[in-house]
């Protein structure tokens, strides 16, 4: 199980490594295409409140992996613990490191200010500043202005990435733990892996994160879920029979 969790973690880590490899850096929205709107819709599946719908959907999609309703209910509790623990780790790291997002750095550069001055304001004022600046930018579409307005927190690590990576770890972990090797189980893992990869790409493409934010968030999800599944392996109700 540990090897399989690590394998899918490595898969997600290919995104930041590839971005570094091609020396891609976001600096404004001049390269936006129609495809980026679809990435925005996908990234919203990890944004509040839509992330709650995503969680409910995944808990239902995971149901067939479990042998009985009791096992599924316990599995849902584990899923909740995993999501809460990883989001708590992300929130703590953001508060500790206070790294600005790419789009806020760009805003500061263009207004001859500094990211530090931007983040001295409360969230309401930061949202207003971001909205006013990017609304005047002809190349930034309204949907992205709205996204910036709602995402004026810190950058490191990526909350959307840790959310997607956590659900991939849960899919891989439970299929391994419960010994479900069915085509449906494989399809579930592959589907979530593709969703996760696109989520990571969207965060850099839309000016929300740097590659290091994605890498550390993915590794945090791997670490926390590796601990969770190492614990679950010792519990009889989840042991393969």
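Note that Cβ sites are derived from N, Cα and C of the backbone, with glycine treated the same way.
Pulled from Swiss-Prot, these are the features on record:
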- 1-21: transmembrane segment (TRANSMEM)
- 22-52: topological domain 'Periplasmic' (TOPO_DOM)
- 53-62: transmembrane segment (TRANSMEM)
- 68-91: transmembrane segment (TRANSMEM)
- 92-158: topological domain 'Periplasmic' (TOPO_DOM)
- 94-102: region 'Phosphatase sequence motif I' (REGION)
- 157-160: region 'Phosphatase sequence motif II' (REGION)
- 159-173: transmembrane segment (TRANSMEM)
- 185-204: transmembrane segment (TRANSMEM)
- 205-210: topological domain 'Periplasmic' (TOPO_DOM)
- 209: active site, nucleophile (ACT_SITE)
- 211-235: transmembrane segment (TRANSMEM)
- 213: site 'Stabilizes the active site histidine for nucleophilic attack' (SITE)
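Following the DSSP three-state reduction, the secondary structure of residue 213 (site 'Stabilizes the active site histidine for nucleophilic attack') is helix. Residues 26, 28-29, 36, 39-40, 43, 99, 101-103, 106, 144, 147-148, 151, 155-156, 158, 160-161 of the same chain, all 6+ positions outside the topological domain 'Periplasmic' (205-210), place their C-beta atoms under 8 angstroms from a C-beta of that stretch. Note on the transmembrane segment (68-91): residues 55, 58-59, 62, 157-159, 162-163, 165-167, 169-170, 174, 217, 220-221, 224-225, 228, 232, 237-238 of its chain, located 6 or more positions outside it, place their CB under 8 angstroms from a CB of the stretch. With pairs at least 6 apart in sequence, the transmembrane segment (53-62) and the transmembrane segment (211-235) have fewer than 3 Cβ pairs within the 8 Å limit; the two do not touch. The DSSP breakdown of the region 'Phosphatase sequence motif II' (157-160) into helical (H, G, I), extended (E, B) and coil residues amounts to 2 helix, 0 strand, 2 coil. Non-local contacts of residue 213 (site 'Stabilizes the active site histidine for nucleophilic attack') by the CB criterion (under 8 A, 6+ apart in sequence, same chain) comprise 99, 155, 156, 157, 158, 161, 203. Taken residue by residue, the region 'Phosphatase sequence motif I' (94-102) breaks down under DSSP into 5 helix, 0 strand, 4 coil. Long-range contacts of the transmembrane segment (53-62) within its own chain (CB-CB distance under 8 A, at least 6 residues past either end) are made by residues 45-46, 72, 75-76, 79, 83, 163, 167, 170-171, 174, 188, 192.
Same-chain neighbours of the transmembrane segment (159-173): 1, 4-5, 8-9, 12, 43, 46-47, 51, 54, 58, 62, 78-79, 82-83, 86-87, 89-91, 94, 188-189, 192-193, 195-196, 199-200, 202-203, 208-209, 213-214, 217-218, 220-222, 224-226, 228-229, 232, counting only residues six or more beyond its ends whose CB sits under 8 Å from a CB of the stretch. Sequence-distant contacts of the topological domain 'Periplasmic' (22-52) (same chain, six or more residues past either end, CB-CB distance under 8 Å): 102-103, 106, 137, 139-141, 143-144, 147, 150-151, 159-160, 163-164, 195, 198-199, 201-208. For residue 209 (active site, nucleophile), other Cβ atoms within 10 Å of its Cβ number 28.
When averaged over the topological domain 'Periplasmic' (92-158), pLDDT in the model lands at 96.
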